[in-house]
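**Student:** These came from TrEMBL, pasted as-is:
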- 74: active site, proton acceptor (ACT_SITE)
- 75, 80, 82, 84, 93: Ca(2+) 1 binding site (BINDING)
- 169: substrate binding site (BINDING)
- 199: heme b binding site (BINDING)
- 200, 246, 249, 254: Ca(2+) 2 binding site (BINDING)
- 43-121: disulfide bond (DISULFID)
- 76-81: disulfide bond (DISULFID)
- 127-322: disulfide bond (DISULFID)
- 206-232: disulfide bond (DISULFID)
- 33-326: domain 'Plant heme peroxidase family profile' (DOMAIN)
- 1-22: signal peptide (SIGNAL)
- 70: site 'Transition state stabilizer' (SITE)
């Protein structure tokens with residue numbers, strides 16, 4: 001049975017590689033403790049297992065791709081890529097406003113992959129690394145670039161504080177505020193424009209963009225305003241109505257998001273501002289005209305972000321359940337919540 005599973009994983013991996021829209025070699029420096037072949041000996045099948053599960057999940061629900069990307073970003077930005085956003089319990093980051101709309105099915109997928117990887121290799125691979133690999137594979141499966149990611153992250157023992165979660169850029173930020181938020185996390189203006197391109201897939205809730213309806217700058221296409229106003233008028237209960245962030249190719253990872261901005265059809269204020277502000281306009285236009293340039297920079301920026309404040313070596317732990325710290329550190333969360341997991345989408 002194990003050998004048959006291995007053959008299936010290898011087959012899926014080969015087909016996956018063949019379908020890649022682009023392969024990007026980033027050349028980004030690797031922080032101490034991470035390496036490109038970290039699991040070559042301890043769990044050589046990890047990437048194939050992750051890829052198989054992601055491919056199957058997206059075959060059933062392509063929206064999980066954007067869900068994984070958002071989880072990855074919301075994990076890394078506050079206190080580093082340590083899978084802390086996956087923790088449940090009374091102090092969970094999932095209760096914070098920016099994280100309340102993270103997709104439950106994507107959270108569950110990460111734990112399902114963790115279980116499969118640990119079944120194959122033992123508790124050798126962290127939830128943080130699984131999240132990183134699953135995000136990369138979701139991008140590729142949606143049509144985006146393939147890029148290698150260094151591995152060896154360890155899982156955090158506790159959630160990020162409310163103050164740290166508050167560092168996440170908001171959809172109503174203007175460009176100067178965005179630039180400062182990214183600079184505070186050692187990401188530059190080019191990273192900002194490239195990583196914002198992840199909005200080529202995914203959804204926004206009405207409450208995150210209804211500030212665009214009043215005619216204030218940056219201006220939204222009037223035809224789109226009328227359409228979204230009518231749509232959001234039915235938003236009862238609040239934030240139950242969603243809108244694709246890329247009005248052209250909402251389920252394909254491509255550069256059409258930047259075409260949306262040129263046509264004043266960016267959904268979030270933070271998106272539309274990228275084409276309006278002189279500090280980011282040139283890069284946004286370049287990505288609109290050259291998808292290869294966007295893919296190349298997006299891959300570089302993702303690898304860069306994936307190494308922010310990582311735990312390596314003996315720091316942190318390898319969780320036995322992505323939703324809970326291991327028992328020896330359970331005093332960091334309410335013990336009653338330790339056995340919680342991720343529910344399926346309602």
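Heads up, residue numbers simply count up from 1 along the chain you see.
Glycine is no exception: its Cβ is also placed from the backbone N, Cα and C atoms.
What TrEMBL says about a protein is an automatic prediction, not a curated fact.
Thinking about packing and proximity, how do these listed features fit into the structure?
**Tutor:** Same-chain residues at least 6 positions away in sequence with a Cβ under 8 Å from that of residue 80 (Ca(2+) 1 binding site) are, in sequence order, 156, 308, 309, 310, 311.
Within the same chain, the residues at least 6 positions away from residue 169 (substrate binding site) whose Cβ sits under 8 Å from its Cβ are 77, 177, 178, 181, 182, 270, listed in sequence order.
Residue 43 (disulfide bond) counts 19 other C-beta atoms within 10 Å of its own C-beta, drawing on all protein chains shown.
Under 8 Å, Cβ to Cβ, and six or more positions away along its own chain, residue 81 (disulfide bond) finds 72, 75, 128, 131, 132, 153, 305, 306, 307, 308, 309, 310.
Remark: residue 127 (disulfide bond) has 83, 86, 110, 111, 114, 155, 319, 322 as non-local neighbours, by Cβ distance under 8 Å and separation of at least 6 in sequence.
Residue density at residue 232 (disulfide bond): 19 other Cβ atoms are found within 10 A of its Cβ, drawing on all protein chains shown.
Restricting the average to the domain 'Plant heme peroxidase family profile' (33-326) gives a pLDDT of 97.
In sequence order, 102, 103, 106, 202 are the residues near residue 70 (site 'Transition state stabilizer'), counting only same-chain partners six or more apart with C-beta under 8 A.
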**Student:** Tell me, in order along the sequence, which recorded positions from 43, 74, 82, 199, 232 have their CA within 10 Å of residue 246 (Ca(2+) 2 binding site).
**Tutor:** 199
**Student:** Return the residues near residue 200 (Ca(2+) 2 binding site), defined as same-chain residues 6+ apart in sequence whose C-beta is under 8 angstroms from its C-beta, sorted by sequence, else 'none'.
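**Tutor:** When sequence neighbours closer than 6 are ignored, residue 200 (Ca(2+) 2 binding site) has 245, 246, 249, 252, 253, 254, 255, 256, 257 within Cβ distance under 8 Å.
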**Student:** Cβ distance under 8 Å to residue 76 (disulfide bond), same chain, sequence separation 6 or more: which residues?
**Tutor:** 305, 306, 308
**Student:** Counting Cβ atoms within 10 Å of each candidate's own Cβ, which of the disulfide-bonded residues 121, 206 comes out highest?
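**Tutor:** Of the disulfide-bonded residues 121, 206, the highest Cβ count within 10 Å belongs to 206.
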**Student:** Which one is it, among the recorded positions 74, 93, 199, 206, 232, that lies nearest to residue 43 (disulfide bond) by Cα separation?
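**Tutor:** For residue 43 (disulfide bond), the spatially nearest of the recorded positions is 74.
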**Student:** Hey, what's the Cβ neighbour count for residue 199 (heme b binding site) at 10 Å?
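**Tutor:** A 10 Å sphere around the Cβ of residue 199 (heme b binding site) contains 25 other Cβ atoms.
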